[in-house]
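**Student:** Just lifted these from TrEMBL, have a look:
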{"type": "TRANSMEM", "residues": "A:73-103", "note": "transmembrane segment"}
{"type": "DOMAIN", "residues": "A:79-280", "note": "domain 'ABC transmembrane type-1'"}
{"type": "TRANSMEM", "residues": "A:115-138", "note": "transmembrane segment"}
{"type": "TRANSMEM", "residues": "A:164-183", "note": "transmembrane segment"}
{"type": "TRANSMEM", "residues": "A:263-285", "note": "transmembrane segment"}
{"type": "TRANSMEM", "residues": "A:311-336", "note": "transmembrane segment"}
{"type": "TRANSMEM", "residues": "A:356-378", "note": "transmembrane segment"}
{"type": "DOMAIN", "residues": "A:357-560", "note": "domain 'ABC transmembrane type-1'"}
{"type": "TRANSMEM", "residues": "A:399-419", "note": "transmembrane segment"}
{"type": "TRANSMEM", "residues": "A:431-449", "note": "transmembrane segment"}
{"type": "TRANSMEM", "residues": "A:484-506", "note": "transmembrane segment"}
{"type": "TRANSMEM", "residues": "A:543-561", "note": "transmembrane segment"}
Amino acid sequence: MTQAATAPTRSTVTSPRQRRRLRRPWWRSRWRSSSDRPFWSALALLVAAFVVLPVLAVVVDGLEATGSVRLPSGLAAMALTTLLLMGGVAVGTLVVGGGLAWLVTVTRFPLRDLFSWMLVLPLAMPAYILGFVFLSTFDEAGPVQGWLRDTVGQGLWLPPVRTLPGAVLVLTMTLFPYVYLMARAAFLEQSPSTYDAARTLGAGRGRALRSVVLPLARPSLAAGLALVMMEVLTDFATVQYFGVETVSVGVYKAWKGSYDFAAASQLSVLVLLFAVAVLTGERLLRGRARYTQRGSRGQGLEPVRLHGVRAAVAVVCCLVALGIGFLLPVVRLAGWAIGEARRSPGELVDPRFSGYLANSLTVAVVVALGCVVVALVLGHAGRMATGPLPHVAAQITTFGYAVPGAVVGIGVLLAFAGLDSLVRGVGVEGGTGLLVTGSVAGILYAYLVRFLAPAYQAIDASLTKVSRTTTLSALSLGAGPRRILWRVHLPLARSGVFVAFVLVLVDAIKELPLVLLLRPFGFSTLAVWVYELASENYWEKAALPALVIVAAAVVPVFLLFRHARLVDPHRPPAAGRGRGPA
Amino acid sequence: MSRVVLELEGVTKSYGPVVAVRDLELRATAGELITLIGPSGCGKSTLLRVVAGLERPDAGTVRIDEQVVAGPRDWSPPERRRVGMVFQDHALFPHLDVTRNIAFGLDGMPRSRRRERVDEVLGLARLGHLARRYPHELSGGEQQRVALARALAPAPAVVLLDEPFSSLDETLRGQVRADTVALLRTTGTTALLVTHDQTEALSVGDRVVVMNEGRIDQAAGPVEVFEQPATRFVASFMGEAVFLPAHVHDALLTSEIGLVSTVPGWTGTDVDVEVVLRPHEVALAPSPEGSGVVCGLEYHGAFVLHSVRLPSGSLVQSWQPHSVRHPPGTRVAVSVVAGVRPTLLVGDRAMTEPPG
């Protein structure tokens with residue numbers, strides 16, 4: 001090499017500043033670069049603090065109160081009921097969701113491809129809707145028991161349905177798709193050569209499935225179960241149909257029944273403990289082994305074709321799950337709605353309907369916009385400042401989804417109470433008034449905490465596809481962080497922004513527990529209205545708003561499917577991209 | 001001749017319209033280490049997968065230990081073939097530690113025998129200290145050793161290795177390769193090793209099988225494959241080579257650079273051929289009357305590759321010791337190193353005997 005070529009390199013390396021920078025350990029350099037843009041790091045931290053605040057409030061308040069106040073009565077019974085409900089739903093979703101995923105992955109039968117995506121549809125059926133459809137069908141006054149008594153005799157003993165097993169059944173049939181989705185993805189994404197390796201080591205198909213494919217799916221099953229458990233912990237509406245008193249119901253009753261802040265926050269801590277136990281359990285199930293695998297070529301698992309009776313049984317299994325979880329309830333709701341319209345053709349729609357729909361939509365749109373903006377800022381901050389701070393902040397904000405609704409609700413109330421006393425301390429008479437009436441602001445805050453995680457994940461997934469050098473080249477062209485956000489990151493992440501908006505919108509329309517807990521007097525949404533009508537056995541009146549909610553909830557299920565790409569890899573290879581000879 | 005352990009006859013396999021392998025014939029004797037090489041898409045991995053039973057051939061017969069495992073009427077699934085396989089990505093079971101990975105293939109054995117065999121294999125592969133580790137806690141080289149140990153544990157009739165070193169970085173590869181070959185030798189294992197590295201194929205294999213477009217072009221010892229390539233493809237794929245038009249007249253081979261060599265046994269012939277010249281067979285001598293002109297220099301460290309343009313426009317290449325560097329523009333006399341008997345091609349095939 002010539003002298004001229006080496007000279008500049010040498011001078012850069014020997015510059016004392018550069019040398020110090022080269023020698024600086026990696027963590028120092030990363031912290032340093034994050035402090036290059038303190039504004040964005042601070043913003044990310046602020047968002048994290050905002051999300052964590054309600055949870056912290058619950059923990060602090062709950063622990064403080066423990067010494068002074070007597071524990072809420074019936075605590076042990078509530079805890080036991082919660083455990084039983086969670087255990088029952090865990091077993092139920094594992095059997096139904098895991099079993100169906102297994103069935104559609106390792107076997108082939110008529111309509112399998114159709115079922116493999118339709119089985120996600122029960123996710124669109126909120127438990128509080130399936131719950132009342134189930135009760136109206138199977139309780140003492142319902143058509144099934146009536147028919148049985150007419151045919152067998154009035155003295156026939158039938159199991160009561162407003163019980164814990166009833167609640168387990170309904171929650172299982174709405175929540176099993178979480179396990180189904182995770183399990184199916186785990187089966188499909190396994191590296192094919194792992195299965196091939198087991199076969200060449202003398203394992204037959206059965207043993208390879210049992211000892212390799214299934215164990216490798218264990219962490220995914222655990223993750224799916226954890227999601228299910230979180231939903232069970234969050235619910236305190238559906239279970240009340242069934243007279244099941246979980247800890248979350250306890251929180252709701254302590255607050256709405258007697259405005260007993262101390263009891264509510266103590267019970268919330270208990271709910272939080274359950275949630276922590278679920279997450280810990282998921283970690284433990286994962287163990288020391290690591291399950292992620294590099295993709296590789298290979299044949300992998302080939303589904304076997306079922307024939308005759310076995311194929312029929314497989315079809316029936318799928319149909320039963322899909323029927324109970326989605327098709328039959330929709331048919332029944334539609335029947336009621338049509339019947340109601342026939343009976344009173346004059347007032348086709350209840351006059352309250354439009355008002356509640358407007359409430360639902362307004363809240364949902366505001367929350368969706370808020371979540372999208374905050375999530376976008378978080379994602380942007382993570383790209384502008386390369387240090388760990390914004391990433392830690394983003395991780396913290398995603399915990400919100402794992403915090404049960406009752407905890408978020410009580411936490412928001414506690415945060416408002418703190419704000420109130422702060423304002424009063426400054427000298428404003430009566431404080432903000434937020435706490436006394438409850439307020440829509442509380443609902444919005446709680447929604448934001450709960451739904452920021454899915455929004456952030458959708459937007460972050462889009463942003464990670466934007467090459468880091470794209471951001472860097474924009475910076476080198478003189479664009480500031482705000483201009484990059486508007487001109488580079490937002491346009492490039494627009495599909496993620498769209499998905500995030502829709503996901504949050506629909507989640508917010510569906511959401512029931514948080515509104516029940518936090519709504520100001522006289523404020524109601526479509527979900528609350530359905531719940532109230534159903535609680536008073538006005539099934540027919542509840543049908544139309546329930547159908548509207550289900551219709552809205554079907555949208556993200558399709559989105560989910562388009563993004564999850566649960567396409568069977570064993571289809572004939574597409575042109576140009578198949579498993580060619582190697 | 002020792003026992004034939006693996007035998008392929010007329011094996012053909014297509015994926016839709018694409019023929020991956022066509023009419024393959026191959027035999028491996030006990031303890032033999034065969035390397036399979038060819039450009040990507042030549043069918044070498046398909047061949048392995050057919051032997052392992054991961055693909056069903058469309059036609060032909062595969063015999064392992066004289067048992068038909070794939071044929072017109074017979075089919076054994078992979079688990080009943082006594083074939084071990086080492087995958088490119090190692091395919092270790094991520095949920096099992098090293099011991100249980102190795103024990104996986106010993107399912108039918110009584111527990112005490114199994115433990116003995118695992119210990120034995122761990123010792124052979126020098127993996128004893130890693131027995132309780134999980135795959136993600138191992139380095140790439142260690143993973144590769146575990147994959148090989150796992151494949152060897154059930155004492156298979158044949159071990160197939162699908163580019164086992166390609167996922168390792170350059171510095172590690174040499175050592176892992178040496179360890180692998182040593183382990184295969186000490187256990188006397190018959191092995192088929194797929195590689196895309198020519199040096200690896202030549203240095204490791206007892207026999208080298210060169211594949212192209214789904215066919216075996218040549219299957220022979222490494223020296224023969226390199227020095228007497230059977231086809232134009234083998235000649236160019238297994239090392240650098242130039243092809244010069246030449247003529248054999250009465251056992252004398254001549255070309256643009258003059259007399260190349262004698263061709264014993266070709267007396268009375270008069271044919272046009274092409275001569276294959278590898279850079280190490282070409283000698284250069286600087287001379288003002290030389291017909292060649294040096295047009296390029298590549299310094300490779302120990303050797304310097306000279307490119308020389310001949311009057312016809314053809315290019316020949318020559319390795320020179322590192323101290324010899326003829327600057328571009330130098331006139332050189334080009335000749336063939338004494339004693340070399342270069343390969344002659346007619347069409348795409350090498351001629352070993354005089355035509356006619």
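Backbone N, Cα and C atoms are what each Cβ position is placed from, and that goes for glycine too.
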**Student:** Cβ pairs under 8 Å only, please: of the recorded stretches A:263-285, A:311-336, A:399-419, A:484-506, A:543-561, which one is richest in them relative to the transmembrane segment (A:115-138)?
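**Tutor:** Per the Cβ count, the answer is A:311-336.
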**Student:** Ranking A:73-103, A:263-285, A:484-506 by Cβ pairs under 8 Å to the transmembrane segment (A:399-419), which is first?
**Tutor:** A:263-285
**Student:** Decide whether the stretches the transmembrane segment (A:263-285) and the transmembrane segment (A:73-103) have at least 3 CB pairs under 8 angstroms, with pairs required to be 6 or more apart in sequence.
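**Tutor:** Yes, the stretches contact each other.
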**Student:** The transmembrane segment (A:73-103) and the transmembrane segment (A:543-561): do they have three or more Cβ pairs under 8 Å, with pairs 6 or more apart in sequence?
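**Tutor:** In this chain the transmembrane segment (A:543-561) does not contact the transmembrane segment (A:73-103) - fewer than 3 Cβ pairs sit under 8 Å.
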**Student:** Let me spell it out: take the transmembrane segment (A:73-103), skip the flanking residues so only those 6+ beyond its ends count, and list any with a Cβ under 8 Å from a Cβ in it.
**Tutor:** 119, 164-165, 167-169, 171-173, 175-181, 183-184, 187, 221, 224-225, 228-229, 232-233, 239, 244-250, 267, 270, 274, 278, 314, 317-318, 321
